[in-house]
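Structure first, commentary second.
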Amino acid sequence: MNSNATSAALEVRGLTMTYGAGAGAVRALTDVDLAFARGSFTAVMGPSGSGKSTFLNCVAGLDRPTSGRVLVDGRDVTDLGEDDRTRLRRERIGFVFQGFHLLPYLTAEQNVGLPLRLAGRRQDRARIRDLLARVGLGERARHLPGALSGGQQQRVAIARALVTEPAVVLADEPTGALDSTTAHDVLALVRDSVDTLGQTVVMVTHDPVAASYADTVVFLVDGRVAGRMDRPTADAVAGQLAHLDELVGAAS
Amino acid sequence: MSMLALASLRHRRTAFTATFLSALLGAALIGAFATLAQTATGAGVSDADAETLTIMGIVVGGWGSLIVLFSVASTLGITVRQRAEEIGLLRVVGATPRQAGRLVLAEASVVTVVAAVLGAALAWPAGFALLALLRNGGMVGDDVAYGGGVAALGSAALLVVLTSLVAAAVTARRTTNGPATLAIADARAGGSGRMPWWRTAIGLVLVAYGLGMAVVTITVTADQDDPYAAMSTSGSSSILVGVGLAVLSPVLLRWLARLCAPAVGRAGVVGWLAAYNTSRRSQLLGNVLAPVIVLTSAAVGVLMLVGIDHRTIGAQATDEGDTINLLNNVVTGMIALFAAVMVVNAFAAVVAGRRQELRRLRLLGATTTQVERSVLAEAGIVAGIGVLLGLVASLATVVPFAVARDEGVVPDGQLWLPPLLVAATVALTLLAARSAVHRLGPLTGAAR
């Protein structure tokens with residue numbers, strides 16, 4: 001168990017989340033055990049209401065789980081206070097959102113450097129330039145988000161997520177707002193950060209094509225882990241999604 | 001559409017409270033002076049009294065109106081512009097630009113009609129008090145009976161409602177004319193500070209007019225026999241230049257914030273964020289800058305003017321001089337009060353519309369303190385630039401009048417006044433920002 005805790009970049013044990021109380025209580029997550037190895041790329045999939053977003057929020061320290069533990073880099077972060085969670089988010093976790101979430105009044109370069117500034121760390125200009133070049137936007141470092149396309153904005157967001165060398169990058173439907181060609185470019189970038197930088201990535205999605213870029217797919221159904229698939233293909237994932245009810249039957 | 005409009009009003013209470021308050025105060029202020037003009041038309045009012053009342057009502061009331069209408073328009077502008085995304089959504093689900101525009105207009109009319117009617121009701125006793133002030137000062141005869149009524153109050157309310165609707169229509173057209181899309185670029189919601197040509201023109205004309213009056217004061221009216229001739233030409237210069245600069249505020253803010261960015265940026269991430277937000281979204285924060293400029297220029301200009309007058313001919317005080325100065329103080333007090341409310345209002349509306357963006361900062365790892373301080377730093381930049389421009393505008397009254405009364409370019413006394421007013425204005429701006437941030441409540445919670 002302990003060796004497990006130190007080898008995984010992110011681990012949850014018995015993660016349970018209940019919203020509300022009494023008869024109206026909703027169980028969003030039930031006893032979820034998952035470990036994400038360093039340098040792995042995992043897609044978390046499931047239909048709407050399966051608990052994907054709740055899972056991300058708990059892991060990111062935005063929501064406090066009802067019970068269970070969250071370990072980042074082997075460190076238990078479940079009971080941290082608000083300030084420590086904030087520090088955890090900006091130093092150990094990178095975010096990529098469906099809606100890009102760039103600050104509209106900062107240039108691409110400034111957006112990428114923002115987590116470093118917030119943490120009071122030195123602006124490593126060379127590193128920021130390097131990351132922007134890596135995502136193919138070396139020429140656009142001084143553009144404001146309003147002057148960039150959706151795909152370009154998302155690539156800036158990826159560079160921003162990588163800038164602090166976080167333990168894990170959490171991506172929430174990163175291609176949900178993009179067309180398929182642009183989505184392919186963005187996913188290839190994420191894949192590349194795993195392969196060449198050894199970054200750990202956990203991506204929530206319901207797109208089988210997006211999931212096929214991952215090493216492993218974890219299926220969530222009704223707040224429980226219903227199955228896994230290694231080396232997924234888009235077809236296999238789509239097939240599995242069409243028969244999730246069988247997974248549930250097998251799991252219970 | 002009206003059902004949708006009412007639902008939307010309930011949804012964004014803070015922003016509409018700001019519009020409501022400025023329309024309410026505006027109608028009260030304009031209405032109070034309008035009752036004086038109506039009183040002048042009453043039977044048994046002597047010609048001299050009628051002239052005094054009419055001048056007071058139309059001229060002084062007119063100045064107030066200019067400021068009021070500008071404020072109402074800018075507050076309404078903030079609330080409409082911040083809804084670009086929502087209007088985009090309406091367009092996507094099938095609303096035509098015309099329908100979306102009508103929604104905006106319907107909301108604006110509900111809010112401003114209610115506010116203007118209540119404001120007009122407040123104007124009735126306020127006008128009564130104003131007249132009592134004039135009678136006590138001996139400026140009009142004791143026999144003048146208060147004649148404020150439906151005509152004065154109604155036209156004041158109508159003026160406020162109409163201006164608000166024009167302001168709403170202009171802003172709505174700019175917001176609704178774009179393509180129907182959900183992916184509204186964030187930059188649009190902030191605006192880059194580029195202004196339509198007519199706005200630049202209005203601002204420049206006001207500044208030029210104010211400066212022209214200042215020049216006339218030094219070259220012509222200073223040498224006339226009537227000591228109050230110089231006051232009548234220079235008295236309103238500071239307000240004119242102040243309002244002119246306020247009209248130009250988005251552009252001025254963009255330039256000046258960029259100038260002070262390197263210095264502020266050295267104050268850590270908080271100042272750095274604030275400097276970029278103020279210069280790159282000057283359209284939005286220009287709405288806060290505008291009342292700060294007007295507040296400073298009107299208060300410093302007119303109070304210094306009264307001070308100079310008191311020193312130079314106060315010894316041989318006339319009834320006329322006393323009432324003119326009393327009136328100067330009353331008007332300045334009203335304008336200052338109004339501008340102060342506008343500062344608070346505009347900050348509340350601007351910050352309320354930035355909730356999502358401030359939450360984004362929290363998600364990326366900014367602490368609550370960092371978010372709050374960066375908004376405060378923005379307020380600091382806006383306040384600093386605002387009082388600076390306001391002081392420059394006040395010179396348009398102070399210098400010519402001091403020259404006209406032979407005190408020279410620098411007045412002989414009251415030099416403690418500007419720093420005091422500046423400190424008060426800066427404090428007010430910072431407090432307004434602080435309360436606006438606190439009203440947002442916690443910025444954490446589930447990510448979307």
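Each Cβ is built from the backbone N, Cα and C atoms, and glycine gets one as well.
These features come from TrEMBL:
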- B:55-80: transmembrane segment (TRANSMEM)
- B:64-176: domain 'ABC3 transporter permease C-terminal' (DOMAIN)
- B:101-124: transmembrane segment (TRANSMEM)
- B:144-170: transmembrane segment (TRANSMEM)
- B:197-218: transmembrane segment (TRANSMEM)
- B:238-257: transmembrane segment (TRANSMEM)
- B:284-306: transmembrane segment (TRANSMEM)
- B:326-353: transmembrane segment (TRANSMEM)
- B:330-411: domain 'ABC3 transporter permease C-terminal' (DOMAIN)
- B:374-403: transmembrane segment (TRANSMEM)
- B:415-433: transmembrane segment (TRANSMEM)
Subject >> Recorded stretch, among B:101-124, B:144-170, B:197-218, B:326-353, B:374-403, maximising Cβ pairs under 8 Å relative to the transmembrane segment (B:284-306) >> reply: B:374-403
Original post:
What is the number of residues in the domain 'ABC3 transporter permease C-terminal' (B:64-176) that are helix, strand and coil, as DSSP sees it?
Top reply: 94 helix, 0 strand, 19 coil
**OP:** Determine the mean pLDDT over the domain 'ABC3 transporter permease C-terminal' (B:330-411), rounding to the nearest whole number.
**Re:** 86
**OP:** Please list, for the domain 'ABC3 transporter permease C-terminal' (B:330-411), how many residues fall into helix, strand and coil according to DSSP.
**Re:** 69 helix, 0 strand, 13 coil
**OP:** For the transmembrane segment (B:197-218), name the stretch out of B:238-257, B:326-353, B:374-403, B:415-433 with the most CB-CB pairs under 8 Å.
**Re:** B:238-257
Subject >> Proximity verdict for the transmembrane segment (B:238-257) and the transmembrane segment (B:101-124), three or more C-beta pairs under 8 Å >> reply: no
Original post:
Taking residues 6+ outside the transmembrane segment (B:144-170), which of them lie with a CB under 8 Å of any CB in it?
Top reply: 19, 23, 26-27, 30-31, 34-42, 44-45, 49, 53, 65, 68-69, 72-74, 76-77, 80, 101, 104-105, 107-109, 112-113, 115-117, 119-121, 123-124, 127-128, 131, 135
